[in-house]
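Following: one structure in structure tokens, then a few remarks.
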Amino acid sequence: MQVVGTVRVSGCGAVVAPSRRQCRVSAAVLTAAETATATRRRVTHSMPPEKAEVFRSLEGWARSSLLPLLKPVEECWQPTDFLPDSSSEMFEHQVHELRARAAGLPDEYFVVLVGDMITEEALPTYQTMINTLDGVRDETGASACPWAVWTRTWTAEENRHGDILGKYMYLSGRVDMRMVEKTVQYLIGSGMDPGTENNPYLGFVYTSFQERATAVSHGNTARLARAHGDDVLARTCGTIAADEKRHETAYGRIVEQLLRLDPDGAMLAIADMMHKRITMPAHLMHDGRDMNLFDHFAAVAQRLNVYTARDYADIVEFLVKRWKLETLETGLSGEGRRARDFVCGLAKRMRRAAERAEDRAKKDEQRKVKFSWIYDREVIV
């Protein structure tokens, strides 16, 4: 049995949360596994060497069908398109207008916006993670291989996201930028452990899910910004969400090709990542004070409906439909069919679990937590 096809239910120890309510909400958002990766049985280089030929055979396809999803730099938006023009005589007035709009946003909104920005700023970790994947990594740092070109150019496009949000935070005057910057530095130094095992089958399942999750989160921060009267910030977050959707399309296409060429291996890889649960990129986030910072951020995101357990289930359901897993038959082993059935039934089970968690959370006493990002002001979690 090939290692890539082994479906493992990896053990995950629960994180001790500050309250019963927090524990339940975090469980609903599936963060217990995310902050407990130290207990995951580590596996490396799980793709059999012969599987690398699958990715070599896809290089022509990647060049013609994947790379066109990247935009030429001259056609891309840049952070300065949305921010006050520092060369303009109206700069101070534009900053004043930005700060006036920001004043109408509640503290809890800034918690999720800062959390999203910090997640984007850890981009060096994500490029590093993709370059751990066997068969698709950038072997020289400037390789012309289409997989390497994709990774570098994807990184360049993503780099604008944290950049624009960070500059907005700085100009808004609403957040403690030193604590935000410390959190970014801690997060990049901590890295991430998504459980992808240097295996591009697992890696591209992960990125397909994660890009959609990020698009959902940015789309919802756009919705909330508009509801609070900041149309410029709403356009900013919406533009970032559009980038994420385009990137999600690309990664989803890769998995489609894997299902075409190696349906059993791809199906087992999808089930493997679903068993492990998708680890959020910033799951090791902390600010030097709050070691449960990611759980607290995730709880606020859940409460504001920015990213919830229901969103997780919706993404699973979307990918099942996109990849046509319910009708996948040809090329599947018995284990592959069991993996397919598990994945296809997962969203419904997760929604039931989320409903139970939400009902229990409503009965718990509300609790406030201080966030260093907003000068230790308290927010309900």
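Even glycines carry a Cβ here, placed using N, Cα and C.
Not measured: the values here are computed from a predicted model.
Record note: Swiss-Prot gives GLU158, GLU244, HIS247 as Fe cation 2-binding, and the candidate from GLU121, GLU197, GLU211 in that site is GLU211.
The Fe cation 1 site in Swiss-Prot is built from GLU158, HIS161, GLU244 plus one of GLU97, GLU108, GLU120, namely GLU120. GLU211 (Fe cation 2 binding site) sits 11 Å from GLU120 (Fe cation 1 binding site), taking the CA atoms of both as reference points. Sitting within 8 Å of the Cβ centre of GLU120, GLU158, HIS161, GLU244, and not among those site residues for Fe cation 1, are the Cβ atoms of LEU123, GLU157, ASN159, ARG160, GLY162, THR214, HIS218, ILE240, ASP243. Within 10 Å of the C-beta of GLU244 (Fe cation 1 binding site) we count 23 further C-beta atoms, all protein chains included. In this structure, the binding-site residues GLU120, GLU158, GLU211 were compared by how many other Cβ atoms lie within 10 Å of their Cβ, and the smallest count belongs to GLU158.
Ranked by CA distance from HIS247 (Fe cation 2 binding site), the binding-site residues GLU120, GLU158, HIS161 have GLU158 at the top as the closest. Compute the center of the Cβ atoms of GLU158, GLU211, GLU244, HIS247, which mark the site for Fe cation 2; besides them, the chain residues with Cβ within 8 Å of that center are TRP154, GLU157, THR214, ALA215, ASP243, LYS245, ARG246, GLU248. The DSSP secondary structure for HIS247 (Fe cation 2 binding site) is helix.
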